[in-house]
Amino acid sequence: MGICRLGFLVGFLWFMAMDCMAQSNTHHYNFVLQQAQFTRLCETKTMLTVNGSFPGPTIHARRGDTIYVNVHNEGEYGVTIHWHGVKQPRNPWSDGPENITQCPIQPGKNFTYEIILSNEEGTLWWHAHSDWSRATVHGAIVIAPALGTTYPFPAPDAEETIIIGRQRAIIDEALATGQPPEQSNSLTINGQPGDLYPCSAVLLYSDVKYGSNFSGVWFIHCHLERHSSWGMDTVLIVRNGRTRATSMRPPPASLPSCS
(Lines of atoms letter the chains of each structure in order from A and count residues from 1; the text may use other names and numbers.)
(Lines give C-alpha, C1' and ligand atoms only; values in the text may rest on other atoms or scores of the structure.)
Protein backbone atom coordinates (compact mmCIF):
# COMPACT_ATOMS: atom_id res chain seq x y z
CA MET A 1 0.00 0.00 0.00
CA GLY A 2 2.85 2.36 0.92
CA ILE A 3 4.56 1.74 -2.44
CA CYS A 4 1.31 2.44 -4.31
CA ARG A 5 0.83 5.69 -2.46
CA LEU A 6 4.44 6.67 -3.19
CA GLY A 7 3.94 5.89 -6.87
CA PHE A 8 0.76 7.95 -6.95
CA LEU A 9 2.54 10.85 -5.24
CA VAL A 10 5.47 10.77 -7.69
CA GLY A 11 3.06 10.64 -10.61
CA PHE A 12 1.06 13.53 -9.24
CA LEU A 13 4.17 15.65 -8.72
CA TRP A 14 5.34 14.88 -12.27
CA PHE A 15 1.96 15.95 -13.63
CA MET A 16 2.11 19.18 -11.64
CA ALA A 17 5.64 19.86 -12.94
CA MET A 18 4.46 19.34 -16.53
CA ASP A 19 1.51 21.66 -15.89
CA CYS A 20 3.81 24.37 -14.49
CA MET A 21 6.10 24.11 -17.50
CA ALA A 22 3.10 24.43 -19.78
CA GLN A 23 2.27 27.71 -18.01
CA SER A 24 5.81 29.06 -18.26
CA ASN A 25 6.23 32.63 -17.02
CA THR A 26 9.47 33.27 -18.90
CA HIS A 27 9.59 34.99 -22.28
CA HIS A 28 12.48 35.46 -24.72
CA TYR A 29 12.89 38.16 -27.35
CA ASN A 30 15.68 39.09 -29.77
CA PHE A 31 16.09 42.78 -30.61
CA VAL A 32 18.41 43.62 -33.52
CA LEU A 33 19.21 47.32 -33.73
CA GLN A 34 19.89 48.19 -37.35
CA GLN A 35 19.57 51.00 -39.85
CA ALA A 36 16.54 50.79 -42.12
CA GLN A 37 14.93 53.02 -44.73
CA PHE A 38 11.45 54.41 -44.23
CA THR A 39 9.43 56.75 -46.42
CA ARG A 40 7.53 59.47 -44.57
CA LEU A 41 6.22 62.85 -45.78
CA CYS A 42 7.24 62.07 -49.37
CA GLU A 43 10.89 61.47 -48.39
CA THR A 44 12.90 58.29 -47.80
CA LYS A 45 15.22 58.44 -44.79
CA THR A 46 17.52 56.05 -42.93
CA MET A 47 16.90 55.63 -39.22
CA LEU A 48 17.79 53.27 -36.39
CA THR A 49 15.15 50.60 -35.78
CA VAL A 50 14.60 47.35 -33.91
CA ASN A 51 14.14 44.30 -36.15
CA GLY A 52 13.59 46.66 -39.07
CA SER A 53 10.25 47.97 -37.78
CA PHE A 54 9.03 51.37 -36.58
CA PRO A 55 7.76 51.34 -33.90
CA GLY A 56 9.58 48.26 -32.66
CA PRO A 57 8.12 44.91 -31.54
CA THR A 58 5.48 44.76 -28.83
CA ILE A 59 6.45 42.69 -25.77
CA HIS A 60 3.62 40.59 -24.33
CA ALA A 61 3.73 39.13 -20.80
CA ARG A 62 1.71 38.63 -17.62
CA ARG A 63 2.04 40.14 -14.17
CA GLY A 64 4.96 38.53 -12.32
CA ASP A 65 6.62 37.14 -15.45
CA THR A 66 10.31 37.43 -16.35
CA ILE A 67 11.34 38.61 -19.81
CA TYR A 68 14.75 38.15 -21.41
CA VAL A 69 15.58 40.48 -24.30
CA ASN A 70 18.84 39.85 -26.15
CA VAL A 71 19.79 43.16 -27.77
CA HIS A 72 22.19 42.94 -30.72
CA ASN A 73 23.59 46.34 -31.67
CA GLU A 74 24.24 46.53 -35.41
CA GLY A 75 24.01 50.33 -35.41
CA GLU A 76 26.77 52.92 -35.59
CA TYR A 77 27.01 53.96 -31.93
CA GLY A 78 26.43 52.63 -28.41
CA VAL A 79 22.83 52.18 -27.29
CA THR A 80 20.96 51.08 -24.16
CA ILE A 81 17.31 50.08 -23.73
CA HIS A 82 15.05 51.19 -20.84
CA TRP A 83 11.85 49.41 -19.76
CA HIS A 84 9.74 52.40 -18.89
CA GLY A 85 7.49 51.88 -15.85
CA VAL A 86 8.97 48.50 -14.87
CA LYS A 87 10.20 48.65 -11.26
CA GLN A 88 12.92 46.00 -11.73
CA PRO A 89 13.14 44.92 -8.05
CA ARG A 90 16.75 44.33 -6.94
CA ASN A 91 17.81 44.42 -10.57
CA PRO A 92 19.06 47.89 -11.62
CA TRP A 93 21.60 46.33 -14.01
CA SER A 94 18.86 45.84 -16.59
CA ASP A 95 17.11 49.19 -16.08
CA GLY A 96 18.93 50.78 -19.01
CA PRO A 97 19.78 54.52 -18.59
CA GLU A 98 23.10 55.03 -20.38
CA ASN A 99 26.08 55.59 -18.04
CA ILE A 100 23.75 55.54 -15.02
CA THR A 101 23.00 51.86 -14.50
CA GLN A 102 25.00 50.45 -17.42
CA CYS A 103 27.42 51.40 -20.14
CA PRO A 104 26.21 51.39 -23.76
CA ILE A 105 26.07 48.25 -25.84
CA GLN A 106 28.74 49.01 -28.41
CA PRO A 107 28.31 48.37 -32.15
CA GLY A 108 28.80 44.71 -32.94
CA LYS A 109 28.09 43.66 -29.34
CA ASN A 110 25.03 42.25 -27.57
CA PHE A 111 23.61 42.19 -24.07
CA THR A 112 20.69 40.23 -22.60
CA TYR A 113 18.36 42.25 -20.39
CA GLU A 114 16.48 40.48 -17.59
CA ILE A 115 13.18 42.27 -17.05
CA ILE A 116 11.55 41.22 -13.79
CA LEU A 117 7.88 42.13 -13.59
CA SER A 118 6.39 42.50 -10.11
CA ASN A 119 2.97 44.14 -9.79
CA GLU A 120 2.90 45.96 -13.13
CA GLU A 121 -0.21 45.54 -15.25
CA GLY A 122 -1.46 47.30 -18.34
CA THR A 123 0.44 48.98 -21.16
CA LEU A 124 3.96 50.35 -20.61
CA TRP A 125 6.71 50.98 -23.15
CA TRP A 126 10.38 50.36 -23.83
CA HIS A 127 12.74 52.80 -25.54
CA ALA A 128 16.40 53.49 -26.22
CA HIS A 129 18.02 55.57 -23.47
CA SER A 130 20.91 56.98 -25.49
CA ASP A 131 20.59 60.58 -26.62
CA TRP A 132 18.03 60.96 -29.43
CA SER A 133 17.81 57.28 -30.42
CA ARG A 134 14.55 56.88 -28.49
CA ALA A 135 12.86 58.83 -31.29
CA THR A 136 12.83 55.72 -33.47
CA VAL A 137 13.85 52.90 -31.09
CA HIS A 138 10.76 52.27 -28.98
CA GLY A 139 7.76 49.98 -28.60
CA ALA A 140 5.01 48.84 -26.26
CA ILE A 141 5.00 46.42 -23.31
CA VAL A 142 1.57 44.88 -22.82
CA ILE A 143 1.26 43.20 -19.40
CA ALA A 144 -1.87 41.11 -18.81
CA PRO A 145 -3.09 40.16 -15.32
CA ALA A 146 -1.78 36.97 -13.75
CA LEU A 147 -3.53 33.76 -14.76
CA GLY A 148 -6.82 33.40 -12.93
CA THR A 149 -7.25 37.15 -12.40
CA THR A 150 -8.66 40.01 -14.46
CA TYR A 151 -8.15 43.73 -14.92
CA PRO A 152 -10.07 45.93 -12.41
CA PHE A 153 -12.51 47.03 -15.12
CA PRO A 154 -14.95 45.34 -17.51
CA ALA A 155 -13.43 43.58 -20.48
CA PRO A 156 -13.38 45.90 -23.53
CA ASP A 157 -14.86 44.94 -26.88
CA ALA A 158 -11.42 45.34 -28.49
CA GLU A 159 -7.90 46.54 -27.71
CA GLU A 160 -5.55 48.73 -29.75
CA THR A 161 -2.06 49.92 -28.80
CA ILE A 162 -1.38 53.53 -29.83
CA ILE A 163 2.21 54.85 -29.83
CA ILE A 164 2.70 58.56 -30.45
CA GLY A 165 6.10 59.75 -31.73
CA ARG A 166 7.65 62.41 -33.92
CA GLN A 167 9.89 62.79 -36.96
CA ARG A 168 13.64 62.95 -36.24
CA ALA A 169 14.88 65.30 -38.97
CA ILE A 170 14.60 68.33 -36.69
CA ILE A 171 16.96 66.70 -34.20
CA ASP A 172 19.64 66.05 -36.83
CA GLU A 173 19.38 69.67 -37.97
CA ALA A 174 19.70 70.94 -34.39
CA LEU A 175 22.82 68.87 -33.78
CA ALA A 176 24.35 70.12 -37.03
CA THR A 177 23.74 73.80 -36.26
CA GLY A 178 24.09 73.79 -32.47
CA GLN A 179 20.72 75.52 -32.14
CA PRO A 180 17.77 74.35 -30.02
CA PRO A 181 15.50 71.98 -31.98
CA GLU A 182 12.53 73.51 -33.73
CA GLN A 183 9.02 72.17 -33.54
CA SER A 184 8.54 68.77 -35.12
CA ASN A 185 7.47 68.75 -38.74
CA SER A 186 5.07 65.93 -37.94
CA LEU A 187 3.84 63.68 -35.16
CA THR A 188 3.33 59.98 -35.75
CA ILE A 189 0.76 57.46 -34.57
CA ASN A 190 2.11 53.92 -34.68
CA GLY A 191 4.88 55.11 -36.98
CA GLN A 192 2.70 56.96 -39.49
CA PRO A 193 1.92 60.68 -39.79
CA GLY A 194 -1.79 61.45 -39.82
CA ASP A 195 -3.94 61.98 -42.88
CA LEU A 196 -3.43 65.77 -42.66
CA TYR A 197 0.19 65.40 -43.81
CA PRO A 198 1.26 64.83 -47.44
CA CYS A 199 2.06 61.29 -48.61
CA SER A 200 0.65 59.82 -45.40
CA ALA A 201 -1.54 56.87 -44.60
CA VAL A 202 -5.02 57.62 -43.31
CA LEU A 203 -5.29 56.72 -39.63
CA LEU A 204 -8.54 56.88 -37.69
CA TYR A 205 -8.53 56.35 -33.94
CA SER A 206 -11.33 57.31 -31.60
CA ASP A 207 -8.74 56.29 -23.05
CA VAL A 208 -5.76 56.21 -21.66
CA LYS A 209 -1.41 55.64 -12.61
CA TYR A 210 1.60 55.15 -11.79
CA GLY A 211 7.25 54.75 -5.57
CA SER A 212 10.86 53.29 -4.91
CA ASN A 213 11.53 50.75 -2.23
CA PHE A 214 14.16 48.72 -4.10
CA SER A 215 17.90 49.17 -3.64
CA GLY A 216 19.99 50.37 -6.57
CA VAL A 217 20.58 53.42 -8.72
CA TRP A 218 17.52 54.87 -10.46
CA PHE A 219 17.04 57.76 -12.85
CA ILE A 220 14.18 60.25 -12.51
CA HIS A 221 13.88 62.73 -15.34
CA CYS A 222 11.61 64.76 -17.56
CA HIS A 223 10.76 62.85 -20.71
CA LEU A 224 10.41 65.79 -23.11
CA GLU A 225 13.40 65.54 -25.45
CA ARG A 226 16.40 67.63 -24.25
CA HIS A 227 14.92 68.54 -20.84
CA SER A 228 17.28 66.05 -19.19
CA SER A 229 20.40 67.84 -20.44
CA TRP A 230 18.84 71.13 -19.32
CA GLY A 231 18.91 69.92 -15.72
CA MET A 232 15.45 68.43 -15.25
CA ASP A 233 16.71 65.14 -13.84
CA THR A 234 18.12 63.55 -10.71
CA VAL A 235 19.63 60.24 -9.61
CA LEU A 236 18.35 58.25 -6.64
CA ILE A 237 20.83 56.01 -4.82
CA VAL A 238 19.04 53.53 -2.56
CA ARG A 239 21.33 51.75 -0.08
CA ASN A 240 21.68 48.03 -0.42
CA GLY A 241 19.71 45.98 2.08
CA ARG A 242 21.08 43.28 4.34
CA THR A 243 18.64 40.50 3.51
CA ARG A 244 18.12 38.54 0.33
CA ALA A 245 14.77 40.19 -0.22
CA THR A 246 16.15 43.74 0.10
CA SER A 247 19.61 43.46 -1.47
CA MET A 248 20.56 43.92 -5.09
CA ARG A 249 21.22 40.96 -7.30
CA PRO A 250 24.86 40.78 -8.46
CA PRO A 251 25.56 42.35 -11.85
CA PRO A 252 25.58 39.89 -14.77
CA ALA A 253 28.97 38.87 -16.13
CA SER A 254 27.90 40.08 -19.56
CA LEU A 255 27.23 43.67 -18.43
CA PRO A 256 28.71 45.97 -21.13
CA SER A 257 32.19 47.29 -20.34
CA CYS A 258 32.77 51.03 -19.97
CA SER A 259 36.33 50.83 -21.35
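Using N, Cα and C of the backbone, Cβ positions are placed for all residues, glycine too.
Note: TrEMBL annotation is automatic and uncurated.
What TrEMBL records for 1-22 is signal peptide. What TrEMBL records for 34-145, 211-241 is domain 'Plastocyanin-like'.
Regional average pLDDT for the domain 'Plastocyanin-like' (211-241) in the model is 60. Using DSSP to sort the residues of the domain 'Plastocyanin-like' (34-145) gives these counts of helix, strand and coil: 8 helix, 57 strand, 47 coil.
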